[in-house]
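Here's what TrEMBL has on this protein:
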- Lys34: active site, proton acceptor (ACT_SITE)
- Lys34: N6-(pyridoxal phosphate)lysine (MOD_RES)
- Arg126, Met296: substrate binding site (BINDING)
- 227-351: domain 'Alanine racemase C-terminal' (DOMAIN)
- Tyr248: active site, proton acceptor (ACT_SITE)
Amino acid sequence: MLPRAVATISAAALSHNLRLLSGRAGVPLILPVKANAYGHGLEEVVQIAAPLPEVWGFAVALPQEAVTVARLNTGKPVLLLTPAAPEEMAELARLGVRIPIGTAAELAALPPEAKAHLKVDTGMNRLGARPAEALDLGRELARRGQLEGLYTHFASADEPDPSGALRQFEAFLAVRRHFPDALAHASNGGGVLSFGPLDSMTMARPGLASYGYAPEHLSGVLDLQPVMTLQGRVGAVHTALAGEQVSYSGLWTAPRDTRVATVQVGYADGYPRSATLQAQVWVQGERRTVLGRICMDQMMVDVTGLDVNPGDYLTLWGPQGIHPGEVARWGGVVEYELLTGLSARVARQVG
Ligand SMILES: *Cc1c(COP(=O)(O)O)cnc(C)c1O
């Protein structure tokens with residue numbers, strides 16, 4: 001069957017962003033591909049990125065994601081970013097997945113053949129060992145020959161004030177200095193854009209930036225390009241007469257006879273319902289208004305004066321026309337939510 005929502009992933013844009021970010025960080029990248037590669041399609045993104053010399057490996061949030069990426073056999077390492085359950089560790093180790101260690105219990109469950117990345121909590125207060133305990137865990141991992149790397153995560157590197165992240169980095173360096181031979185990584189996308197190279201780091205982990213988005217105040221640092229174009233198929237076109245209402249709850253009344261294209265994408269695909277009465281769609285080089293309530297599977301678009309027909313695909317967002325950041329703002333969400341919220345109904349294709 002023909003897909004109604006299609007996300008086209010630009011291999012050129014992704015490669016371009018990864019080159020720029022690696023250049024800015026001064027080190028290779030661990031590309032975060034959690035949450036279906038920020039909605040872009042896990043397999044598609046991994047296949048594009050794996051051959052690039054700028055990519056050291058891939059980072060995932062879930063053990064299941066780690067298994068999926070490891071089984072793609074790209075030859076590049078996979079790092080799990082959240083704790084594995086003890087009973088999951090053997091399979092992860094067998095697949096060569098790098099396992100995060102942030103507690104003594106996790107260390108105790110670590111299979112002897114596994115490579116570990118020590119997780120240091122320097123202020124995010126989410127995962128990892130505080131610096132003093134991290135030293136002990138790191139020494140034990142090093143003694144066993146299992147300490148491949150260590151890392152920390154910034155809580156506010158994408159905020160205009162970088163002081164918190166820099167304090168975190170100082171705390172991380174104090175641990176890092178004890179393990180000079182290990183790999184080390186700290187920056188997410190905000191860190192890479194804000195700070196560029198950081199003392200003695202060997203990798204960086206920019207996620208959202210790799211997919212083409214920068215926080216407003218950092219948007220001039222690199223020429224990042226949105227990787228995804230989302231399009232929706234027109235199912236039908238009809239005329240709503242002046243005075244008629246369109247969609248649920250009568251939120252919009254036609255001020256004049258209006259040509260209406262019904263696009264077969266809705267909030268079940270991940271287009272935010274909360275963008276109702278603000279959303280626009282890019283049609284033949286023009287911004288056109290979404291009329292009334294966005295439905296579960298459809299939305300109605302004013303195409304008056306345009307030659308739009310069933311089977312046409314209209315662009316809901318992309319690098320040209322309507323930026324995904326605008327859609328996120330209309331919906332009251334951030335780009336992370338917009339992209340990761342795209343559902344399994346959305347077909348991913350590489351373009
Ligand atoms: C998600 C994540 C990243 C990437 O963050 P961005 O803000 O998308 O750059 C990096 N490191 C860890 C530990 C993460 O969980």
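Yeah, the Cβs are placed from backbone N, Cα and C, and that goes for glycine too.
Shown on the structure are the features that TrEMBL records.
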{"residue": "Lys34", "record": "active site, proton acceptor", "DSSP (3 states)": "helix"}
{"residue": "Arg126", "record": "substrate binding site", "DSSP (3 states)": "coil"}
{"residue": "Tyr248", "record": "active site, proton acceptor", "DSSP (3 states)": "helix"}
{"residue": "Met296", "record": "substrate binding site", "DSSP (3 states)": "coil"}
Distance [Cα-Cα, Å, rounded] between Tyr248 (active site, proton acceptor) and Arg126 (substrate binding site): 42
Number of other Cβ atoms within 10 Å of the Cβ of Arg126 (substrate binding site) across all protein chains: 11
Alpha-carbon spacing, Arg126 (substrate binding site) to Lys34 (active site, proton acceptor), which is rounded to whole Å: 17
Cα separation, Lys34 (active site, proton acceptor) to Met296 (substrate binding site) (Å, whole number): 26
Those recorded positions in Arg126, Tyr248, Met296 whose CB falls under 6 A of ligand 1, listed in sequence order: none
Within the domain 'Alanine racemase C-terminal' (227-351), residues counted as helix, strand or coil by DSSP: 20 helix, 46 strand, 59 coil
Per-residue Cβ crowding (10 Å cut-off), top of recorded positions Lys34, Met296: Lys34
Per-region confidence, the domain 'Alanine racemase C-terminal' (227-351) (mean pLDDT, whole number): 98
